[in-house]
Amino acid sequence: MFSNKKYIGLIDKYCEKKILDDSSTIKICYILIGILIGTNMITLIYNFIFWENYITCNQKDKTFYCPKDWVGYNNVCYYFGNDEKNYNNASNYCKQLNSTLTNNNTNLVNLTKTLNLTKTYNHESNYWVNYSLIKNESVLLRNSGYYKKQKHVSLLYICSK
C-alpha cells in the first residue's frame, strides 16, 4: 500500500542545507534589508526637516469650519439672528460673537445671494446689514435689494465672520 520510493524535491535535506549555507544568498538578503531600512530612514529624516512646509500647505487648503449654529457659504460663516434688534443692538450682538453685521466687504460675490440662505435657514424677511450710509440710516436686505431704514427699527440681522 505504501511505497518506499523517495520523491526527489519534496524532502531533500541536502538541498535545504546547501541553500542555507550559501553565503552569497544571505549577503543579498542583507543588502536588500539594508536598502529598505535606508529608504525608510531617509523618508523619516526628510519629513522631519520639511514638516513646517507640510503644515503650511495644509493650512492653506480651502476647507473652513464654522461654529455651531452658523452657516458656511463661500468661505464665510453666517449667523442668522432669529430675534429682532435695532441696528445698534444687532451690531453689538455680532461683536459679542466675534463677528460683524454682514457687509459689502464680506468675501461674498454678491451680498444679495445671502437671501437664498435666508430662505433656506430661516424665512424671508428684512435683515440688517452693515453698509456705509449717512449717520442715522442703515440698509436692510430684502428681495435682492437694499433699502434705507432708520436704525431704531427692530429687524432680524445677519452676522458674518
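Cβ coordinates come from backbone N, Cα and C, glycine included.
The recorded disulfide partner of CYS77, taken from Swiss-Prot and restricted to CYS66, CYS94, is CYS66.
Each of CYS57, CYS94 is a candidate, yet Swiss-Prot gives the disulfide link of CYS159 to CYS94. Across the structure, CYS66 (disulfide bond) and CYS159 (disulfide bond) place their CA atoms 12 angstrom apart. Within 10 Å of the Cα of ASN98 (N-linked glycosylation site), the following recorded positions from the list CYS77, ASN89, CYS159 place their own Cα: CYS159. Cβ neighbour density within 10 Å is lowest for CYS66 among the disulfide-bonded residues CYS66, CYS77, CYS94, CYS159.
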